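The structure appears below as structure tokens.
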Amino acid sequence: MATGASATEEPEDEEEEEEDYSFLPLVHHIIKSMDKDSQDVHQELNELKNKFQEMRRLIGTMPGIDRSPEQQQQQLQSLREQVRTKNQLLQKYKNLCMLEIPKE
Amino acid sequence: MAASDKCSTKEKLLAFLDDLEVLTRELIEMLALSRNQKLPQPGEENQVLELLIQQDGEFQELMKLAFDQGKVHHEMQLLEKEVEKRDSDIQQLQKQLKEAEHILATAVYQAKEKLKSIEKARKGAISSEEIIKYAHRISASNAVCAPLTWVPGDPRRPYPTDLEMRSGLLGQMSNLPSNGVNGHLPGDALAAGRLPDVLTPQYPWQSSDVSVNMLPPNHSNDFMLEPPGHNKENEDDVEVMSTDSSSSSSDSD
């Protein structure tokens, strides 16, 4: 379903996603600040807390994750099957010879 | 494993998030404690850190899966729209087929009725000669159609005049009063078909013969419109009417 243009943008997005959604960089900064006894540790702890909240909000708004991948695949197959069946039915209706005039 | 498969991705993500939060808090607390007490406990910290890294990695994988599911969700939405469109197409087609069925059923019914009437007509066939004779009889008096040269303002027929109505069978039966209102003619004379010469309408386009033919003494019988029979009397009538018709048509020329 993805177009060529979006396919070229995908790897970049994924990289960005990986950076954005990992908590390790923040934890690393906190540990470093603690090692240095820096005052920035409180600010970084707040950042970590905000990040957890932000992630919870994001997960709440993400589409299509209300079911497991298996269930989603089943529903996708079911929808594809429905479209296929309905297409066949329409084709059948269109090809019906409604008026067969008997030749004498 | 089966139970985890049934969980939605959202639930898994939130669970991972809770775990990560607990692990980071635990790690930071442990580090803080170890810094304050100056007691190095690298083994436990490392365990927590490794667990945190592992959970974080799994969380990343799950986030990728969630984004993939978002794409699948988009595809499903498109498919749902397509299904709705197909449904409306099918409903439209079914509606049209129902209409066509109704029209065809009506046409078939009408055709059957027509065939029945054709069959009925075949069984009770009447000779064309008989019909022509009857047509002559009813048309000779101009009782059913106007003279060919009739135009608006012409005092002749197309409709039966007061005079003719009174001289017909209905006029006789109704026993109209002898003193006509608004200058109507005396009923007796009209009923008998005998008019005084003064009251007989004389039109410039009529010869005296024609006017007599229009109101013959037995004129009242012309309005009876009996079905055609085979008796001699009727045939005579037809001949008289034919003569009348031909005379009037010759007049119109």
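Numbers run from 1 along the shown chain.
From the backbone N, Cα and C atoms, a Cβ is placed for every residue, glycine too.
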Could you tell me which of the ranges A:1-21, A:64-84 is annotated in TrEMBL as region 'Disordered'? A:1-21
Need one number: mean pLDDT over the coiled coil (A:31-96). 91
